[in-house]
Structure formats: C-alpha cells, structure tokens
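Asks: Attaching a single structure in structure tokens format; questions to follow.
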Amino acid sequence: MGKGEIEESSSTVGLLKRCTTGGSGGSTRWVDGSEVDSESPPWLLFGDEEISREGYGSVRRRLVKKPKRVDSFDVEAMEISVAHASHHKKEASLLSTLALAFQTLGVVYGDLGTSPLYVFSDVFSKVPITSEVDVLGALSIVLYTIALLPLMKYVFIVLKANDNGEGGTFALYSLICRYANVNLLPNRQPADERISSFKLKLPTPELERALNIKEILERKSSLKTLLLLLVLMGTSMIIGDGILTPAMSVMSAVSGLQGKIPGFGTNALVITSIIILGALFSIQKYGSSKVGFTFAPALALWFFSLGSIGIYNLLKHDVTVLRALNPAYIYLFFKKNSTNGWSALGGCVLCITGAEAMFADLGHFSVKSIQIAFTSVVFPCLFLAYFGQAAYLMKHPNSYGRVFYDSVPDGLFWPVFGIATVAAIIASQAMISASFSCVKQAMALGCFPRLKIIHTSKKHMGQIYIPVINWFLMIMCMLVVAAFRSTTDIANAYGIAEVGVMMVSTTLVTVVMLLIWQTNLFLAFLFPLIFGTMELIYMSAVLSKILEGGWLPLVFASFFLCVMYLWNYGSVLKYQSEVKQKISMDFMHELGSSLGTVRVPGIGLLYNELVQGIPSIFGQFLLDLPAIHSVIVFVCIKYVPVPIVPQDERFLFRRVGPKDYHMFRCVARYGYKDVRKEDHHAFEQLLVDSLEKFLRKEALDLALESNLIQQDLDSISVKSRDESEIQDGDGMDELKIPLMSDQRLDAGASTSEASMALPASVMSVDEDPSLEYELSALREATESGFTYLLGHGDVRAKKNSWFIKKLSINYFYAFMRKNCRGGAATMRVPHMNIIQVGMTYMV
C-alpha cells in the first residue's frame, strides 16, 4: 500500500474555504492507460448531441463567439487558430499546395540536396578510378538508389501510409495500434473506437487474413514488445540523424575553402563549422514555417545551380555517361572491384541521406506538396548533378576529393560556394524538424519524458519547437565536429542511422499493408523483398565501418532507446499499481455522502491517470484534509492513437457514486498532434458548461428510460439499456450509475428529436426537482471557486525485485520523472489554488 504525505502551504485549511474563483487550465500529465474492465461504464460522449433548449446550445456554438478558442484542459505553448472540430483536412487549393511545396525545399529536401557535395568523394576514396567502369558503375548505383528508395518507396508508397496526415515511425505505430490492440500502454477503451478519426475505410472487404494477423499480434506479448522496440529504435535513429546531418552538411560545405584560402586548415574548418551550427540551432525557435520560407528561395537557387552545373559538365566533358542508365554497369562495377566495391556502397548510400525526412516531416506539410517538390525539382536536379560530376571525373579522375567544387565553371566558385554553404546549413533543418516531430509523438504515446513544446505556427499544427531537444542536438553536433574533424569519418557514421530508419519503415509499412490496406499478398511481400533487400545490402556495407566512426549513431540510438523504453516501462508499472490500489465503491458507500469528512462549497478538480475507478490518491486527500469540496471532478487526460480528436468528441463524462455524492469522472481525450492552450478562467467555464450539459442529458435519458420500463417491462431491448443497473425503488435519485445509450445517435439526430418520442405524461427535464437541485448546487459551488488537487505519485521497486529493475525504476526512471514537466509546474494556476499530495507506489 502507498504511504501518503501531504505537501501543503501554510494556508492549506484556508484554501478549502476560499470563495474567490481561481484555477488553471489543467495538467500536462499524460494518461498511461486505462483499466480493462469487463463491465465497461456507459459513458456519455460530450458533444455527440445538441441540447435544443434555449440557453443550452452546444459548447462548439458557444466557443465560436469567443475571440480565443478554448479547446482543452491543458496549457502548453501557443494557440492554434484552426478548430479541432474541422480536423478533416479540406482539399487544399492548388496555390496553397504549391506554396507548401516551395517550403518543403527549405525544410525537407535540404539534406538530399546537399549530398552531391560528398557522395563521389567518399565512394572513390575506397575505390580508385582506373577505368570508366568505376565511374559509370558508381553513377549507376547512385541513380538507381535515388530512383528506387526516395522516389518509388517514399513518394509513391510510404507517404500514403500516413496517419491522417502525420508521418514518422510513431505515426505508423499509432496506425497499427488502432487496428490491433498491440500497445503496451493499457489505454484502450471501447468508447475510443467511436472517435470519427479513429477508424479508416478499408479498401477491400476481404478481412480474414487481416483478422488472423491481428489475432497473432494481440495474442503474443513478445510480438507487442518487439513491435514497440522496433518503433523506438527507428525513432532513436531519426534523432541520431538530427545530430549527424548538421555536422556532415556544414563541414562538407565549409571544406571547399581548404583549397582556395591558403592556411585554412583543419582547425579553421572545425571552428567555422561550430560557429555556423550555433547560428543554425539558434534560429529554430522561430519555427519551421518561417525558416522554410526564409530558406526555400536559397534551396531553390541551389537546386537550379546543381542542375545547371550538371548540364554544363555533361555537355562540356562527356555526354556518354548517360550510359550509366544501363544497370549492367552495376554488375561490371562489382565484378571489377569485388570487396572494395561492396565497401564503396557505404559512400553510395549517402546520396539518399535525409530521405526519411520526407515521411517524418509530413506533419509539417502535406503529401501532395512533398510529392510535387520531389518529382518536379529535387529528382531531376539531383540526376543532372550526378551526371555532371561523373562526366567531369571521366576527364579528371584524380579530382574525386573535390569533385563538386572543381567541376564548378571558372569565375563562379565564390557564388556557388556561398549558395552551397547556405544550402548545407538548411540541409540540417530537415532532420532537426523531424526530430522535433518524433519526440512529440513519442511523448503523446507515453514513450518519452514530458518536455516543453512550443507550437510555432497558427496555421499548421505540426510545426513545433522543443527547446531541450534543440539545445541537446546543438551540443552533440558541436562535439561530433570537434571530435571527428573530418567529413570522411562522419560519413562512416552517417549511413548507419539512415539505413536503420529505412529498414524500420519498411517493416512497419509491410505490417500496414497486410493488416490495414489488405494488399494482395504477392504485392505486400514484393515491397519488403525489393526495398528490404536493398537496405540490408546497404546496412551490411555501412556496418563494416563501425570501428571507423560507425559506432557513433549506435551509441546515440542506444541512449534514446533506453530513455524511451524505461519511461514506457516505468509508466506502465505505475499505472498498473494505481489500478490495483484504487478505492472500491463499497468503501465509498460506507463513508456516505459526506465522504467521512466535511463538505464545503467549491469544486475540487482531482487530476489522475485512471479512466475508471476512484484513485487511491483520493483517499489520501480524505485522510489529510479537514474538509473536501461539495463537488468533486476526477479529471483524466488520456491520449489515444489518433493525430487529432475533434473538439466535440473530446470529453467523456460519468457520474461516480450516488447522486448526493456529487462526484463525476471526466476523461479528456487527445491525439498525439493535438495542441493544448487556454486561459484557466475559460477552462473552468468550459468545465461547468460541459457538466451542466451532461446533467441535463442524463436526466433526459433517465426520463425516457423510466417511461419505457413502465410501458412494457417485457419488451425492453438489451442493446439499448442495461436493466441490471436499475435499482429497486421508486426513483431516479436511487440510481448509482446513469443509464446512457450504448449507441451514438446519427450525426443529424439531436436530443430534441429524441425528446419528441416522450409522451406528455413524462416529466419535463426542467421540471425535474432533482435536476434543478443539482444544477443550483453546481452553480453555488462554481461561485465558491475551484481548487486543483494534484496527486504526485512516486514509484519504487519492491524489495524482492531484480537488481536491474531496482536500478531502472529507483534511479533512472525516478530521475526522469523528477526532471520532466509535471505537477504544478505545468499548470498556470495561482499557487494558492493547488493542493498536492504525495504517494509512493511499490511496483
């Protein structure tokens, strides 16, 4: 059992009797999961139906009139003006799509665009050029790698596996979790499946194979763990890419000065690169939208330069390199160079670094914008650039080390160098933005400690900035540059992270094809056969460079993997412990409506993580406080595996205990892309309005229920009501659990239509004395003010636990909980309106 300890100010007792209204917008504390209960409660989905009576319109209608949108319980970052109720994306106009496509050049394609700076220099450092087969073979490998992986795999297939417009490994995981209960976090509820964005249309009616796969995934816990580890590994490698990409791109661009400025040695290269990296990370706080519009013109000029220089070299030196389109040169290349050729693949893979950003950055843009930009600008310009460099190498084979700058026409070096430097700086933006997106998704799905998130755009919800991650990436980038001091060594490390992420994406998209898309079995296995085989070959080549710098991304990935898995593991154990220690309703009945203490006017908002049952932390409040509020609301913040939960589907309400207890459960559901921002007074008003609407809907349903029972007890439909919940007696006052419809009404149906079915003998809702009494009590409590009851749960491993578990829970997990955002620090409430009680859970 937990041992409670109260953390109170000198005026704790006085706080309970405050009559001034104060409060916060809530808690950023995330829901680890929900209890699996065979007797699922008849939740009322707030906002499903409209109350037609005058003065009680929908919350959505009320919010439209307000200058600021109130959309949630939490307070974080900046306000987004787009209402969640319109979460289904409308078809964007051609002009806006082209504008987004232009922005993608500055955010998504910078890394791919700067790869011509270093690809051939790295390839031919391992394979000396002794014949045209070397040049044509390497060129052919590069061309087909770009055509198959970024173009065929990502642009035409993987981008379509987005989760309502959101991309990345966690988006794929969330998509899979909706169709199969494979999430280790026990947060699944039947009511979640009724969210409009939860289910997707299946393209084919054949479900047998998909259902078999679903059953296998749900039955084997080892497969669930393996799937989670796979997702965490992919996310860790994307963050690792966010460290290596800036270091590699900036150093490659600045290295052009080594051949032009006398005395510009390695030390100067390192110092200049570190200064540029510092400037790059310093501007991230302005957001990817502003950064994209600022950088996009420079990248557009860069791609134009690549294409122009490529055409110039192609026509001037050797147009016959077009023969590399024949894949036979790939065979001749490996036949001639054998082992060295295989080793050179580690350099060839650098031509697709940043390709994963097309999918990971999808939340910042749209599928069409990314597809248009790649097919019309990026793809043809990259082809021309590599053709031009190969043509130059046919005439000057010894210039492979500086092939890009040497192939620039005379007199254009400094302009091109300036553009290349700017492009290299911009190249880092793709993986930095992708890192932010992945971390936010991981936090929302309970796999990363809570950090401050700043939403930098009022138009696009996916554009975010995470200060802690930004400065961590900056420090790591600077250390990598200072330690390696050479682009060749960084290149050895670079490919491992990139290929690792691609392999994870291939695996997850294959599962999506089989489980959700229900693709033809032959096509579903053709996808991993083609792309997975290529990626395995590339991975075998880059892994050979572990001792030459390849260990670095593995260290970064291992670090983030441990952080995410430990946070997930500890959080699940904590939630399971809370479920075991919850307070039984029998005990609450013994306490009576006074709850064993004094009830004073006011509303107490108790934040907890349980979606069912009474949390044990409430018992600590009853023991430690001399009085408790007249109205108690258990507020639970719950994340579901969807990007966005519409505003009118956000809240679930339920009465806890008999009516005279005045206790309610409110579950606020969020998607991993939802934005939370509001004024605490607006939150309190929204809560009261929502609760009033719930009470009126409850009374209406009970009146209808009572009338149906009286008319014909033998013809009650089991589907419409659970009559076992009705107590013997004469009235609604003795109902301990409100009887709600298990089926949501059609979108066009309103409560007023349902009320028309009631005969004249049924008492009007406004005439219900118990309802009027409860509403007046709620208004009186509202006038007395709000108090926020926060439970701080400490987690400790049991004494008989394994040493590894004790180390993980008592030290690592405890350290992360202590230093992440949580409790009063995340709530913008007056300090005097918070009461916090601590409790230790033994797991």
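Quick reminder: no glycine exception, Cβ is built from N, Cα and C everywhere.
The annotation region 'Disordered' is assigned in TrEMBL to 1-41. According to TrEMBL, the transmembrane segment annotation covers 94-115, 135-156, 226-244, 264-283, 295-315, 341-360, 372-392, 412-432, 464-484, 496-516, 523-543, 549-567. TrEMBL lists 100-587 with the feature domain 'K+ potassium transporter integral membrane'. Here TrEMBL flags 601-841 as domain 'K+ potassium transporter C-terminal'.
Would you situate these features in the structure and describe their surroundings?
Replies: Proximity of distant same-chain residues to the transmembrane segment (135-156), defined by a Cβ-Cβ separation under 8 Å and at least 6 residues beyond the stretch ends, is recorded for 112, 119-120, 123-124, 127, 129, 321, 323-327, 329-330, 332-334, 336-337, 341, 344-345, 348-349, 351-352, 355-356, 358-359, 370-371, 374-375, 379, 382-383, 386-387, 390, 393-394, 397, 502, 506, 530-531, 534-535.
Counting only same-chain residues 6+ beyond the ends of the transmembrane segment (226-244), those with a CB under 8 A from a CB of the stretch are 168-170, 172-173, 176, 182-184, 217, 353-354, 356, 360, 431-432, 434-435, 438-439, 441-442, 447, 469, 473, 476-477, 480, 490, 493-494, 497-498, 500-501, 504-505, 507-508, 511, 552-553, 556-561, 564-565, 568.
Taking Cβ pairs closer than 8 Å, the transmembrane segment (372-392) reaches residues 97-98, 101-102, 104-105, 108-109, 112-113, 115-116, 119-120, 135-136, 138-139, 142-143, 146, 150-151, 155, 300, 303-304, 306-307, 309-314, 316-319, 321-322, 324, 351, 358, 399, 403-404, 406-407 in its own chain, all 6 or more past its ends.
When Cβ-Cβ distances below 8 Å are used as the criterion, the transmembrane segment (412-432) is approached by residues 106-114, 117, 238, 241-242, 245-246, 249-250, 252-254, 256-257, 260, 276-277, 279-281, 284, 288, 291-292, 295, 298-299, 301-302, 305, 309, 354, 357, 361, 404-405, 470, 473 of the same chain, each at least six residues removed from its ends.
Packing against the transmembrane segment (464-484) from elsewhere in the chain are residues 77, 239, 242-244, 246-247, 250-251, 270, 273-274, 277-278, 281, 284-285, 287, 432, 435-437, 439-440, 451-456, 490, 493, 549, 552, 556: each is 6 or more residues past its ends and has a CB under 8 Å from a CB in it.
Non-local neighbours of the transmembrane segment (496-516) in the same chain are 149, 153, 157-158, 161, 169, 172-173, 175-176, 179-180, 200, 202, 209-210, 213-214, 217, 227, 230-231, 233-234, 237-238, 240-241, 244, 349, 352-356, 359, 523-525, 527-528, 531-532, 535-536, 538-539, 542-543, 545-546, 550, 553-554, 556-557; each lies 6+ residues outside the stretch with a CB under 8 Å from one of its CB atoms.
Among residues of the same chain six or more beyond the transmembrane segment (523-543), those with a C-beta under 8 A of the stretch's C-beta atoms are 145, 148-149, 152-153, 157, 342-346, 348-349, 492, 495-496, 499-500, 502-503, 506-507, 509-510, 513-514, 550.
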Asks: Tell me if the transmembrane segment (94-115) touches the transmembrane segment (341-360). I count contact as 3 or more CB pairs below 8 A, with pairs 6 or more residues apart.
Replies: yes
